[in-house]
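S.K.: Below, the features straight out of TrEMBL:
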- 1-32: region 'Disordered' (REGION)
- 20-32: compositional bias 'Basic residues' (COMPBIAS)
- 44-66: transmembrane segment (TRANSMEM)
- 78-100: transmembrane segment (TRANSMEM)
- 112-130: transmembrane segment (TRANSMEM)
- 170-192: transmembrane segment (TRANSMEM)
- 526-713: domain 'FtsK' (DOMAIN)
- Gly544, Ser545, Thr546, Gly547, Ser548, Gly549, Lys550, Ser551: ATP binding site (BINDING)
Amino acid sequence: MPSKNSRQPGRRSGPPAKPVKNKKSRKQNKKGKTGLRINGEYQYLILVFLGLFFAYGLMSSSSALIPRIIQLLCKGMFGGLAMLIPLTMVVMGITGILEGNEKIDRLKKTKIFYIFVLFIVIYYGLINYARTPSESPFSLDMIQDIVKIGVSREGVGLIPSILTYLLSHLLGFVGAWLLTIFATILTILYFFEISVKDIIAYIKNPKDSSNIINKIRTKFGKKAKIDGVDDKTMLNKTGFFERIRDKFHKNEEVEDYEEEVDDDKTIKIVGFNKAEDDYLEILEGTQGLSDLEILQQMQKEEPIIDGLVTKEDEDLSNKRSNKLLQLDDEEDTLGLGQESDLMISGSSLPKRKMTGLTEDVKMGHIPTSKTYVEEDDKLIPENEHEKYKNYKMPPISLLNKLAGGGDKKSKHKVLENARRLEKTLRDFGVDANINQVTVGPTITRYEIQPNPGVKVSKIVNLTDDIALSLAAKSIRMEAPIPGKSAIGIEVPNDESQMVSVREIIDSDEFKNFKSPLVMGLGKDVAGRIIVGDIGKMPHLLIAGSTGSGKSVCVNTLITSIMYKAKPDEVKLMLIDPKVVELANYNGIPHLLVPVVTDAKKAANALGWAVSEMNRRYKLFAENQVKDISSYNEKSDDPLPKIVIIIDELADLMMVSANDVEDHICRLAQMARAAGMHLIVATQRPSVDVITGVIKANIPSRIAFAVSSQTDSRTILDMGGAEKLLGKGDMLFYPLGAAKPVRLQGAFISEAESENIIDYVKKEAGEISYAGDIEESISSVNTERSGDEDELLYDAITFVVANGQASSSMLQRKYKIGFNRAARLIDNMEERGIVGPSEGSKPRKVLISQEELSAFED
């Protein structure tokens, strides 16, 4: 028989666990608070009954004790105003039953109810001034007389008499009237937040009273919506009979925990798409779930049918101002600001045309970083700046406005999850409180503040247990939240709410952005619109698995540039090895060359970009400036900024990994000051695609959902992307940020993209690409370099003459080893002489003898 001290299987040694409360003690505790709960739920029924009974007492001629006391108190104190007391009680009781505590608590907090009662009493006393006593009402005999006269309905009551006596003796009868009227006007203006400017504007133009009317409507309008809270849910949960029914359908475990919540518990709920208020204090305890006050209201939108705004409604919607949520002391919009101007070295430059160097683009030569010759050709023709002088940006009406559907998350459900979360932490011995709940378009973040002495790792290790408790698909922890002494637990919403690209482009953040290299990203957890500055990133890596939202993000980026930059300000070079993703952008005036879809030509395009970067730096050196901003300020022929977008890096790395990696690294290291920026996207975030050299030179990252933590570490150098939900859910990690920020990316449909492309094509008219660039990208590099094999051109002539190529054939012909023969074959493939490997079969020769002769000439 084992001893008492021996360890038993499945149990840890250590201090004994805390004793669990038995059911009896819990039920006793529950009974102790039931009275308070019933009082909170049914106080308005009692109030209605008291109002009716007071009305009976005031009108009754009975000699019973209670009616006589009611008459003595009400009529003796207020005279003829006594009947307003039961009427007010009945109205407040019925309002509380139908609407819950929201309206009444709001009235109490603003103190307007008490001020309103005070003004009624004063006006009643002044109107009945002749019936008020002329002597001091502060003597005992006079008080008794005033009360008796008030009960007999011949007097005005004690309180109106005292107030009227004080005002008339201090200010005189006329002065009392003037002060009361002036105070009434001030109170009305203060309550409705009407300024003197509004009154002056109304006096100047009486027909235009929209500002004053809107403020009055705002005060009297229903404030029953918070982010993600359905109106029907609110009405159902706050109705009297629904509350009775809910009491019998609540989960017993959750209800037991509700009874144990402290009465002074306060949680903030922050939503998205709010109008003006920043947060909502929710008072728990005796009031119950239905008595929680709503702080934030959703912005009033025009009616939306079938998810889209009709053209007839467009004019109406444009008249309304779109106010954006600004959270208190939250993290700033990442990547904001325009490209900073660097100092100019040397003497100031006069206004003059500047010429530079360009590469040799003769047939048979591919641009490399070593090849430069001076030419007078410019990247943008001189007349292009004049051509786009009157260019108009695409109108916002080309984008659809989506309905605000999605997850109508009730505050009851949010608070129930908060209680479950606190209960789970407490069950595992973690002392922590939930201070704030933020409802976002995709996730809801619960901010937990651990008590002193609780380790962050102790909460982080409970990730799976918390997910089990909340029945969530997955959860992600942010420990701690940057700038806060709290831990964020991000729980997916049952339904995600789509963020349209129109919301981003039509926002003040986007409109007020000064740099043309703006990138509309989406909304963060709290619903704030996030935009980025490509010029400050200055290069961006986008990675994620198939279907996670990479291509939509790239399309949103291109759309943002087309909405912000003229074709002569920003030029795009699109590289799309997948052929179908970016091909629809062919023909837009922002392109330098048509979309590059051939993986071999893509390496040449990156080589041209390196050459252009070096050409610009030589141009800057000649004109004694440091960067493109300084150059454009002094020149009447400014250079455009160039954004190079690669939609799938993995395909390029498979074809010519060395060249692509070298070009990307050179551009990433040096191209920022030259006004050239790289945006690289890939769906295979492995180390053979995103090499260490590439990752080290591209500081800004966007990670979409990936399959493993290893892939997440490859992108972000940390885990987290494996817990994303897909469909635009991303982690944005810009240069200089302490931690990545979780966003819901903006969505743009194919129809919207086509509308914008058609518009910019028509607005730009006939366009012409830079022919020399296109020719140099398409050409085959037969230029000799110092490190080429001396047998290369003899081998090319040999395989073209034979019509096929293989390593063994070159070995026999030139009596060389296999490695050298294989290198010769690879060099021919890079130059487009032979095709790819077909296993054991010889490679096909892609050019004829005549073409080879033309190249040699």
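Just so you know, glycine gets a Cβ as well, placed from its N, Cα and C.
Because TrEMBL annotations are produced automatically, they should be read as predictions rather than curated entries.
Source: prediction; values computed, not measured.
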S.K.: Taking the Cβ of Gly547 (ATP binding site) as reference, which residues of that chain separated by at least 6 in sequence fall under 8 Å from it?
M.R.: Gly726, Lys727
S.K.: Just jot down the residues in the same chain as Gly544 (ATP binding site), at least 6 apart in sequence, with C-beta under 8 A of its C-beta; none if empty.
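M.R.: Listed in sequence order, they are Lys550, Gln683, Pro685, Ala703, Phe704, Ala705, Val706, Ala721, Met730.
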S.K.: Can you list the residues of the same chain, besides Gly544, Ser545, Thr546, Gly547, Ser548, Gly549, Lys550, Ser551, whose Cβ falls within 8 Å of the ATP site's Cβ centroid?
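M.R.: Going along the sequence, the neighbours appear as Gln683, Phe704, Ala705, Gly726.
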S.K.: Go through Ser545, Thr546, Ser551, the listed binding-site residues, and name the one with the sparsest Cβ surroundings, counting other Cβ atoms within 10 Å.
M.R.: Thr546
S.K.: What average pLDDT is reported by the model for the domain 'FtsK' (526-713)?
M.R.: 89
S.K.: Please list, in sequence order, the residues in the chain of Gly549 (ATP binding site) that are at least six apart in sequence and whose C-beta is under 8 Å away from its C-beta.
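M.R.: Phe704, Ala705, Gly726, Lys727, Gly728, Asp729, Met730, Gly745 - these are the non-local Cβ neighbours of Gly549 (ATP binding site), listed in sequence order.
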S.K.: Taking only same-chain residues 6+ apart in sequence, whose CB is under 8 Å from that of Ser548 (ATP binding site), what do you get?
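M.R.: Looking at Cβ-Cβ distances below 8 Å from Ser548 (ATP binding site), excluding near sequence neighbours, one finds Phe704, Ala705, Val706, Leu724, Gly726, Lys727, Gly728, Asp729.
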